[in-house]
Amino acid sequence: MSGELPPNINIKEPRWDQSTFVGRANHFFTVTDPRNILLTNEQLENARKVVHDYRQGIVPPGLTENELWRAKYIYDSAFHPDTGEKMILIGRMSAQVPMNMTITGCMMTFYRTTPAVLFWQWINQSFNAVVNYTNRSGDAPLTVNELGTAYVSATTGAVATALGLNALTKHVSPLIGRFVPFAAVAAANCINIPLMRQRELRAGIPVTDENGNRLGESANAAKQAITQVVISRILMAAPGMAIPPFIMNTLEKKAFLKRFPWMSAPIQVGLVGFCLVFATPLCCALFPQKSSMSVTSLEAELQAKIRETSPELRRVYFNKGL
């Protein structure tokens, strides 16, 4: 290998220690950086070339370690990890903050009428479907039937929750009504994610030892992984949907918004965006991507298999997903 860089930098793994919350947070702040969606095709292709060349042992003269890591994260932000295909722009992790701030801000501004609830909950679940399809597993891709079932079920659940709570909160404080969209999003996540990953709940997900040696598949591990993802997704939405209602409830009583009511939506979108810039990476970092559980928590058959092959093993590891 020529060039200044050593040959053993593992750019298949994140740059920071993923066993610590700070390391995971640094990783996800980089992965979800909204500036990456502004990169040109030429910049993306250059990053892909740097990454592919480095993996083949070729380094351009003068390339620094920081530049290599920057290329790796640009590559990861735009290309599917399994297939290597360029991902749909709005389905990329770097599009999460700008897309969610727009959709969530509008959901929280236009929540009082049934047509508005139907429209914005449909838009939100359509966006979620695009994200889930874009980031589908290359080894076990979602079928059209699975994607459609999850999409319709999550949209129905979100709309039913929103309309039901709107009816219940008609005679209470307007502030309480502002939290209806959050309840709808939480309900949709509880429906959407398990349905999207129903195959894993049936057949299990691969579990390994600490060194990555595959031991089998576990549905119990899938349940833990999906639970962690649902919790992360709900908490991710919480700051952007819980803090702005208090602020907007106060602002809408002021002369400025009474004079310029059309400013409500842009202000709400901005407040949600500010919260999401921090909430998205921090909540992604709550649980390690390489999650673990005790061998005694696995299915009896898998426990027996592990006792035969690795009697001293106490914990197994698996990818929890996002």
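Heads up, the Cβ atoms here are built off N, Cα and C, so glycines get one too.
Database features (Swiss-Prot):
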| type | residues | note |
| --- | --- | --- |
| TOPO_DOM | 2-102 | topological domain 'Mitochondrial matrix' |
| MOD_RES | Ser2 | N-acetylserine |
| TRANSMEM | 103-120 | transmembrane segment |
| TOPO_DOM | 121-146 | topological domain 'Mitochondrial intermembrane' |
| TRANSMEM | 147-167 | transmembrane segment |
| TOPO_DOM | 168-174 | topological domain 'Mitochondrial matrix' |
| TRANSMEM | 175-195 | transmembrane segment |
| TOPO_DOM | 196-228 | topological domain 'Mitochondrial intermembrane' |
| TRANSMEM | 229-249 | transmembrane segment |
| TOPO_DOM | 250-266 | topological domain 'Mitochondrial matrix' |
| TRANSMEM | 267-287 | transmembrane segment |
| TOPO_DOM | 288-322 | topological domain 'Mitochondrial intermembrane' |
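Each residue of the topological domain 'Mitochondrial matrix' (168-174) gets a DSSP state, and the totals for helix, strand and coil are 2 helix, 0 strand, 5 coil. Sequence-distant contacts of the transmembrane segment (267-287), counting only residues of its own chain at least 6 positions beyond either end whose CB sits under 8 Å from a CB of the stretch, comprise 21, 24-25, 27-29, 31-32, 34, 96-98, 100-102, 104-106, 108-109, 228, 231-233, 235-241, 243-244, 247-248, 251, 257, 320, 322. Helix, strand and coil counts from DSSP across the topological domain 'Mitochondrial intermembrane' (196-228) read 17 helix, 9 strand, 7 coil. Beyond the ends of the topological domain 'Mitochondrial intermembrane' (196-228), by six or more residues, the same chain brings 132, 140, 142, 146-147, 150, 286-287, 291, 293, 297-299, 302, 305-306, 309-310, 313, 315-321 to within a C-beta distance below 8 angstroms of the stretch. DSSP states for the topological domain 'Mitochondrial intermembrane' (288-322), grouped as helix (H, G, I), strand (E, B) and coil, give 13 helix, 10 strand, 12 coil. Within the same chain, residues 111-112, 114, 117-118, 121-122, 124-126, 128-129, 132-133, 177, 180-181, 183-185, 187-192, 195-196, 198 sit at least 6 positions outside the transmembrane segment (147-167) and bring their C-beta atoms closer than 8 Å to a C-beta of that stretch.
Same-chain residues lying 6+ beyond the ends of the topological domain 'Mitochondrial intermembrane' (288-322) with a Cβ under 8 Å from its Cβ atoms: 18-19, 24, 93, 135, 197, 204-210, 212, 215-221, 224-226, 228-229. The residues of the topological domain 'Mitochondrial matrix' (2-102), classed with DSSP into helix (H, G, I), strand (E, B) and coil, number 58 helix, 2 strand, 41 coil.
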